[in-house]
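> One structure is given below, represented as structure tokens, and several questions about it will come after.
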Amino acid sequence: MPGGAFLLNSGGMAADHGGGLTVPVVVTCLMAASGGLIFGYDIGISGGVSEMESFLEKFFPGLLKTAAHANKDVYCIYNNQALTAFTSSLYAFGMVGTLLASRVTRRLGRQAIMLIGGTLFLAGALVNAAAANIAMLIVGRMLLGLGLGFSGQATPVYLAEVAPPRWRGGFISAFPLFISVGYLVANLINYGTSRIPGWGWRLSLGLAAVPAAVMVAGAAFIPDTPSSLVLRGKHDDARAALQRVRGKGVDIGAEFADILAAAEHARRNEEGAFRRILRREYRPYLVMAVAFPVFLNLTGVAVTAFFSPILFRTVGFESDAALMGAVILGVMNIGGILASGFAMDRYGRKLLFVIGGALMFTCQVTMASIIGSQLGNGSKMPKGYAVAVLIATFVFSASFSWSWGALYWTIPGEIYPVEVRAAGQGAAVALNLGLNFLQAQFFLAMLCCFKYGAFLFYASWLVVMTAFAVALVPETKGVPLESMGHVFARHWYWGRFVKDQNNKFGDEST
């Protein structure tokens, strides 16, 4: 029977009753996932614009004079807290936006939150393009951050609630795929606008309005999720929304019954989601909400993405070559995300963690070894070694996209019970953006202080997070959202916290 539902058979096991791909669900999910464009575009634009001489001349003229000193420690050339505040301020307000969205998403719905996020980002892009001073620049970044926070809180949950169970990983990975596409487009634009004297940076920042408009248009034409509508008592609308995304003629009875049961369970235990997630029986979800963003940032990818043009300049590339390196980095990101989306619903999530962790560790150690031996005070790296660092950065980026880059959005987006889903996703995204803020603000100072040791710092954490993923992250391949509790209840460690609800959930391996 189609419809994506899992029913209990006579033995109490879960049976898969369809969930095939249909045109409505593909179109709906792609329109929702397009919100990732604004994430990726801003990450790419921030690093490239921060390296444009016309931008630095207008807002940070003192930095250009510092960079001109030949005897300056090359690790410290771009260590300027005002410059990094240009990037980091967005993530500080993104954290605020996420927490605000988490508080109101149950009343407004996922679709409305995505619409608000796109609108705020659109306003921020226009303010930044017209910026006449640093204060105006930061105000624009604040609006962009609020937009990121709203969209980042709602979009992965929307995809998880709409996608058919057997294809959920691939659909949620569309969000980081669009992030990678946005990053690539941003770096291509930076490569072109860097040649426009005086105002090229304005064009780069202003064009952020395009992905914001795409997101607003996408959010305006998609239905809210059935789970969100049921939680607000709109059962008829919820059934209509489910039928719309599954396609006409598809039997949605079993799947809709599961959604109603999950919502009823949430109502019976009605209390604040943020207070609830602190209770013992929700301990695994709280741990995941904290661990995933912490480990994501400790991969070191955030700083690679934010400051790749600056990093490439540091090791010896000229401006154009540094920007083109960032473009290639974007291509590698897309390749990794596409490979991950293909593999995670076929081979499971854990395999991706293991392969990605091993490759990222190797790349970080390689970069530390080359940079530590070849980059010194007052000198730049020989070209051959600089190219080796570039290649290691590319492989690292693809490996990250294959593993944590895709799974960070997939697993937290799918594991939370409906009664704490907004709180869990909101806490995870808020913490991620808060850590993005800290890294964006202080990485260049860290690079100046620890030099190549910064890469060894991240490499050591890759060992820890890979072990965590193997031992403590349950395998969720093909498990319906309404059956996720059973996976945790049967886990060797989390089973001491999570108990099965009347043996409702299907039998999936951990």
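Using N, Cα and C of the backbone, Cβ positions are placed for all residues, glycine too.
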> Of 138-159, 424-445, which span is tagged transmembrane segment by TrEMBL?
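When 138-159, 424-445 are checked in TrEMBL, transmembrane segment belongs to 138-159.
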> Run the contact check on the transmembrane segment (171-189) against the transmembrane segment (82-101): 3 or more C-beta pairs under 8 Å, excluding pairs closer than 6 in sequence.
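Not in contact, no.
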> Check the transmembrane segment (21-41) against the transmembrane segment (113-132) for contact, please; criterion is three or more CB pairs under 8 Å, pairs 6 or more apart in sequence.
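Contact between the transmembrane segment (21-41) and the transmembrane segment (113-132): present.
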> Under 8 Å between C-beta atoms and at least six residues away from its ends: which parts of the chain pack against the transmembrane segment (322-344)?
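Residues 44, 47-48, 51, 169-170, 173-174, 176-177, 179-181, 183-188, 190-191, 194, 304-305, 308-310, 312-313, 351-352, 390, 393-395, 397-403, 405-407, 410, 477.
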